[in-house]
Amino acid sequence: MESRGKHRLKKNGESKENLGEHEQARIGFHRNGDSADSLSSPVAEPNFSSPGGRSSNSILHCPPQSPEQGNNLDCLVGEELQFLWPRLQCLQHTLSNLPLSEGLKPLMNFETVEDLAALAGKGLLQELKHDYEILCKSLNSAAPLLSPEGNCESLNYSLQPLIAIVYGPTGSGKSQLLRNLLSCHLIDPSPETVFFVVPQIDMIPPQEMSAWNAQLVEGNYTCGPQQTIVPKSGTLKPRLITLTYDDLTADHNYDVTHPQNIFAQAAQRGPICIIVDECMEELGKHKSIAKFFHAFPSKLHDRFPQCTGYSVFVVLHNMNPRKDQAGNIATLKIQSKCHIISPKMQPSQVARFINTYTKAMPTAITLLLKDIFHHNANHINYDWIIYNTSPEHECMQWMYLHPQNGLMPMYLNVQTILYQLLEKIDKVLRQRQRWNTAYSKKCDKLANK
C-alpha cells in the first residue's frame, strides 16, 4: 500500500522573477571554501534602451529576423542569460576545484555574459531559452511544497508507508536525529504511538527515555491562531512503548487479527511508528521480519482505516553488512523509501552507495555529490544527507538535513540541467575551434602555393 495524502501546504504562486531572486540567494550552497563569495555578486544587466530591446551600439549582430523571433532573442539576452550565467559560472568554478576533478573533461566557456549574448549564435541561444523554461518550470512546481525559507515541510509528504534506514557510526547522533524528525513535524502524519525496539530494554538510559517522551509531546503540537497550540494528532500525549527485538518478532504480532497483537491495538487509535535501534546483529540472524516492511502495513491499514500513518525507521551501523542470513537487510533496502546517511560513514561505503543510486546523473554531478559528503564529514557535525526513492518532487530526491537550517532540497536535477548547458556551450566552442583550425590550415596551403 502506497498512497499520498492531501498536502496541507501553503500554495505559493511565485513568479519567475521571485524564484530567480530566491535561487540567487542560494547560489553558494556548495562552492570552493577558499573563495566563498567570489561568484555571489550578480552580473550587471546590460542596458537595452532602444525600442527593439537592443541599444544602437550593441555588439550583438544577428541576421534579419521576424519581429517575434527578434523579441524572443532580446528577451533571452535581457532575462534568461542574466538568470543562467551566474549559476553556470558557479557550477563550472565548483567542478574545476573538486579534488576528484582530474578525470573530468575541462569545459570551454565564454568569458562574460556579453560575449555569450553576442557570439553564441541563434541556435545556442534558442537551446538556452528552452532549457531555461524547463528549469523555471521545475522550480515553480517545487515552490508550493517548500516553506517561505525554501525548506522542505515534510520528509515524506504523506507518502505511506514510510520505510526508512538510518546509516551512521556510533556517536553520529542517530537517536537525536530520530527524535528531531518527530519533534520537528517532519513525519506526516504525526504518530500517536511510537514503538522503540532495542535488544534489551534495560540498556536504555533514563535520560534518553526522558528525552524521547519530551520530544514526542513537543512534536505533537503546532502553533494555532491567537497564540494557541493545537495537537497534530488525535491524542494529547503520544505513547512511547519500549519493546525487545524478541517481542517484535513474536508470532502473534504478525497476525493483525490476533487479540494480543500490540501493533493492531495501537493502530485502532491512529498512526504508529516503529523504531528499530541497535539491532543490526539480530537483523542478520535467521528469523525474517520482512513482513513489517511490505505485507504488514497494507493489512494493518485495511483492517484499521484510522491508522493513516505507518512508519518504520531501522538504524544500521554498516551500509553493507556481511551477515544477513534471513535477507532482512536486503529486503529492507529494497522496500526503503528514505536512506538517511551520516557523512561520517566510511567513505568507501558512501561512494558505493552514490555510484549505485546516481547512474542516471552525469559523472560530474556524481563527483559533486561525493565532494559534498566529504566536505560535511570534515567540517560539520550532526548533519545528514537523505536519498528519497519516491520524492514528492524531483528536486527532493537528494536532501540535506542541517541541525539549525532544517531539511533542504539539494536541487541536483537543476544542477544536472545547468551542467548539460555547459556541455552544449562547450560543444559549440569546440566546433568553432576545429573550424578555425581547418580554415587556417587551408589558408596556409593556399599561401604556400
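Backbone N, Cα and C atoms are what each Cβ position is placed from, and that goes for glycine too.
Over all protein chains present, the Cβ of Ser172 (ATP binding site) has 21 other Cβ atoms lying within 10 Å. Marked as ATP binding site by Swiss-Prot on the basis of sequence analysis: Gly168, Pro169, Thr170, Gly171, Ser172, Gly173, Lys174, Ser175.
The compositional bias 'Basic residues' annotation in Swiss-Prot covers 1-10.
Taken from Swiss-Prot, the feature compositional bias 'Basic and acidic residues' applies to 11-25.
The region 'Disordered' annotation in Swiss-Prot covers 1-64.
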Among Gly168, Pro169, Gly171, Gly173, the most crowded of the binding-site residues [Cβ within 10 Å]: Gly168
Binding-site residues listed as Thr170, Ser175, least Cβ neighbours within 10 Å: Thr170
Close in space, distant in sequence - Lys174 (ATP binding site), Cβ under 8 Å, 6 or more apart: Val166, Gly168, Asp277, Val315, Ser342
